[in-house]
Amino acid sequence: MAFLQFLITMGKVNWQSRLNKAAHHTSDYSSTEVILRRGQPFNISLNLKTTVQSWDNFTFIASTGPSPAESQQTKAIFTLSEEDDCGWSATQEPSEPRCLNFTILSPADAVIGRYKLQLQVLAGNKVSSKVLGHFVLLFNPWCPDDDVYMADEEERQEYVLNDSGIIFQGVEKDIEEEAWNYGQFEEDILEISLAILDRSLSHREDPAVDVSKRSSPVYVSRVISAMVNSNDEKGVVEGKWSGKFRSGTNPLRWSGSVTILRKWYRARYRPVRYGQCWVFAGVTCTVLRCLGIPTRVITNFNSAHDKNLNLSIDKYIDISGNNLHLSEDSVWNFHVWNESWFIRRDLGSFYDGWQVLDATPQEKSKGIYQCGPASTKAIKEGDVNLDYDSPFVFAAVNADCVTWIRYSKKRKERVYSDTRKIGKFISTKAVGSNSRVDVTANYKYPEGSLKERQVYRKALKLLGVRIPGKRSKIPRPRRRFSRAQPAQTPSISGKLLLDASPVIGQDILLTLTLRNLISDFKDIKVKLKASAILYTRKPKAEILQLHRSIKLGSEEVKEISFKISYSQYKNSLMDDRKILVTAVCQIKRGTSLLVEKDIVLQDPFLTLKVLGPAVVHKPVNVEVTFTNPLADEVTDCVLRAEGSGLLKEQLRIHVEKMAPMETSTVEFEIIPYRSGTRQLQVDLVCTHFSDIKGFVMLHVAPAQ
């Protein structure tokens, strides 16, 4: 009866919140839950109403999931002793007569998730138990025995604890930075991240088995890559790359993950409309960092989508430069995915480190839209036979790019073959700053090097693709080309150049320069075309088409100047700023020439100024200055602001109207609630032009 009496007289359980949060690097979570990391001891204290003399017959029980079982490592039974077979252990620390202190240690490979901790007491032949409380157990990059261990503290601060970042976009010659609010520590985000795991197909098919596999970052990250898109499992974000976005949010208008995740959760798991690649990657980064897996966002410029995995991207155009949809292959101006850091017990230690994950729904893997984790080392070495989805990622950074002009069903001409175009300036945010770091060397050897050719041919062989140079019905581009070149030696060269930096609201001035490379006289028909395009390079609308004929004498150079007026493009670029200009140059009795140029229109500057020192729990004003870039009055604009640790919900300020070219200033108040370096983002949304975005980094001092 003494032990039963103990249970009756036991008072509150003290989870030593401040001590454990600091030790486990979980102080930033805006949650009342006990949040711990596996493989690391934590402390609890039991307050008693009476003194208990003996502690020989009691046991701790830690359990997780709907059907906890020791056989599946979802239930652990351990006593005050050395480490039990389950890997969990408990020790009693120096205690007061009515306050007992314990240290509990979970194994470094424990299942992550929400746990219940019980105390079980044996009195004679009777057993009684009491729930001591609940806690959430996360991956632990600070623990050397955890699969996600990351040795460098600055990298842990960046890839686990940084709640904001930069996602690089644009084109290879004009790389832009976009701020993104990850917000993994904001209110409800941990709850939502765990809910995402519980909504997966694997969990619905067999909850007990699914939970038991959550000890592995390979498994958890793959589930997240499937659940962030909505294609199979009614996941978080619904993708859309064409048409209008009236039934949802234009992907360009998202600035962070928090609003998206909360919207999904509050709408009872209805997919949020709409996302494109950077949105999927931003949300994935939030969830994985929240769960404790070191994660970063990667941008691959000139990213190949190789539908048939033959490592050749074939593009067909007609004699006017119009895209012919004869191939499902495509090259995107950029594509954004994630890398997460963990070891690969399934592949071997050589493949440890950064692993590619891609939540953008492009191709199915094992029957559902998911991608990765694929080891970057496997990609670099051409080991495309290894799990998961390494052929798709290898093609995205290594495929050849071939352009054909199709004159008729029976006649086509290969006018362009480039072995270096794909996989350029692979980028991520630097540790500790907003600078761009080029990580291309993590994915491939230098283009044109002997090692790069060997890896390429190794991948072709593993994929079962006929190696170039051997007999085949359709000649493939030979890897020996060291630079872009047509099938035959060109007799003319061409360049498209901008006369000035293009700015939204203004005319775009261009010049096509053609040079005769030989002494023979040339008669050339030039077909110029400009189209509004998506970042996937898919045309949205034709803007301009011009035909010109010119004659070039021996080694002569001539220029064709032309403009794309604002009136021509304004209705096609209201929600994006990308134009593709093509020039098809047909030469009598000679090889045709294709010249292309991507144009990204610049936004007018938007400036932010914090009007005073930023201190936790003290209001401070922010001033935003922006300009209407158009020669027309604009109405019904909205200024949106968000930032983790600065604003708990997205702020919206209505801007009624702005006169042509008018500069306006808006002031608003923020009350920081978390110290440290913070990112404040603003976005001017208007139906008349694409969003104007800006951000500022500010240091928030602790409360005094």
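Yeah, the Cβs are placed from backbone N, Cα and C, and that goes for glycine too.
Quick look at what TrEMBL annotates:
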type     : residues                       : note
ACT_SITE : Cys277                         : active site
ACT_SITE : His335                         : active site
ACT_SITE : Asp358                         : active site
BINDING  : Asn398, Asp400, Glu447, Glu452 : Ca(2+) binding site
DOMAIN   : 269-361                        : domain 'Transglutaminase-like'
Take the C-alpha atoms of Cys277 (active site) and His335 (active site) and report the distance between them in angstrom, rounded. 6
Asn398 (Ca(2+) binding site) and Asp358 (active site), Cα-Cα, nearest whole angstrom: 17
Mean of pLDDT values spanning the domain 'Transglutaminase-like' (269-361): 94
Ordered by sequence, the long-range same-chain Cβ contacts of Asn398 (Ca(2+) binding site) under 8 Å (at least 6 apart) are Ala304, Leu311, Ile422, Gly423, Lys444, Tyr456, Ala459
At the Cα level, what's the spacing in Å between Glu447 (Ca(2+) binding site) and His335 (active site), rounded? 20
I need the CA-to-CA distance for His335 (active site) versus Asp400 (Ca(2+) binding site), whole Å please. 17
Radius 10 Å, atoms counted are CB only; among the binding-site residues Asp400, Glu447, which position scores highest? Asp400
Spatial neighbours, same chain, of Glu452 (Ca(2+) binding site) - Cβ under 8 Å, 6+ residues apart: Lys444, Tyr445, Pro446
